[in-house]
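Now, the feature entries from TrEMBL:
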SIGNAL    1-17  signal peptide
DOMAIN    19-53  domain 'LRRNT'
DOMAIN    296-344  domain 'LRRCT'
REGION    342-363  region 'Disordered'
DOMAIN    366-400  domain 'LRRNT'
DOMAIN    647-693  domain 'LRRCT'
REGION    695-733  region 'Disordered'
COMPBIAS  706-718  compositional bias 'Basic and acidic residues'
């Protein structure tokens, strides 16, 4: 019997070896198959069924089709690095219920859809590093209940929406380094109960995303280095289990004394290579063991003495060396003695020396009572102090002033005397109803002004007098019913204007006079019904125009004239039912991103997209009511086309679109709404086109309509066996 078993095993091995596809190498003893750096353009179909590890690195697949690995159900490891993959079709990995490791690094994948990763119920590690992922659809990871490591490094992510990682119940390490993230939804990490490590380093975060991070009760390590964060505010980080925080190589100029008061388990704090001249004693961080301040311009004067004393008292090891004064330059912090840390300010009495990060008394003239001033760091804060008047007396070299969540009601003339170096002013949620003339007088260095969530309904140009460098103005969530005409004529450097979620009903001529340098105009969520033909004329440098969620009933073609650099236009969620010929001609030479989704659009004229062509990179038409769309064969530069939830009438008039979709290397989500026999089917799968004249022309191998029809029956049957709603709703461009 033993001899028979040996012969059978040898025969089985020889049979398996015979099935090893060229140019692959098969190790049947260990069930490994390697097809490295070859010229494969499709997944081999003759790989031995019992293969456990499959390495296809360095081939050229472009698309991973549905069911590509159904013939190898025992796979546990799959490597698809550097395979030029651009798209994962729905169900690409179905049947791989045993797979624990999937490497898709260094490909060209731009989007992840809800069903891209179906069937991977046992997957533990997913590597997507070095792709072009710009957007992750919520639910994309919903079927990966066993995943412990998700690597999304070096992609093009800018924004993380709420619940984007829903379903990853056992994920322990999320790697988001080397993206361009600058906005995180407050619930972005809400569905990650087991996460222990989060890597957000090398992004574009300008502030600590405290609200989003507060959802991570179990995380012990947080990497935030190499982000342009300038200030860590009071109680900014509330992570109950956090032990290791990395904020190295940022732009930190100040850290509030109680910044980490709600992270009681913090052990190591890495602040290397910032712009810190010192730190205050860190309240509530009694468990801290090590603080690294190497590479900071530490000022080892009497102002640093409280921090130095605190280090000794709580026995925290500190790394770093003095940059000043000259007598102490190069001295390690732990070698200093308190008498050496003197203040060389003979013109000030000793009582003026105030510890770093601590509020000064009002009598000193250096900081209002109850506020926190860090003159050496140039920051001041009176956030949420229930103040009814804007305080005065901040240090003259203050660069950032945080006055959020008070009850000022109005900003009087000359409210900020002596603050010529102020760059950023935060007045959000202060119940402000009036910005008086001269309110910003003297703020000659002001660049950022935040007035979100107030009660402003009007503005006068003289309110901005004296602040000519203002570039970013945020007026979202106020009470404007019209654009404050001429209010921006004293702001020649205005780049970005936010007026979202007000009640503006019209853009009139003269509203934007003087805003010649404006590049980004955000007007979403208003009630705009009309845009005067000359309303946007002053903004000849405009690049982004966001008008989604308004009451426009037609494309404002006349208003788009004279905008030669407009690259992004959002008209989503406007009640535009009909789109006439040539409506985008004024911006056809510059437009790259066009949003026309969720409008109830019923008809697009054949010439509606006249002039648009290779420059268009993304076109969003999902969730509309038209049954056909114009010829877009010259849209050769498309990277995104979304036709989801559009009830196409799949008859012979739609045949040109069907053929064009076949040629696209894109996922468009186009679905038939009629006739009845095609309802719910993908346009690509519908057989209603097979009776059209010329159907067989251009088909692979010159197949006749009858042969094509016969060949397509199994696909049709399989598709009809599914819930049409499932395939319809989850398709995404």
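Quick reminder: no glycine exception, Cβ is built from N, Cα and C everywhere.
When Cβ-Cβ distances below 8 Å are used as the criterion, the domain 'LRRNT' (19-53) is approached by residues 13, 59-62, 64-65, 68-69, 71-78 of the same chain, each at least six residues removed from its ends.
For the domain 'LRRCT' (296-344), DSSP puts the residue distribution at 22 helix, 10 strand, 17 coil. Here the domain 'LRRNT' (19-53) has, by DSSP, the following mix of helix, strand and coil residues: 0 helix, 7 strand, 28 coil.
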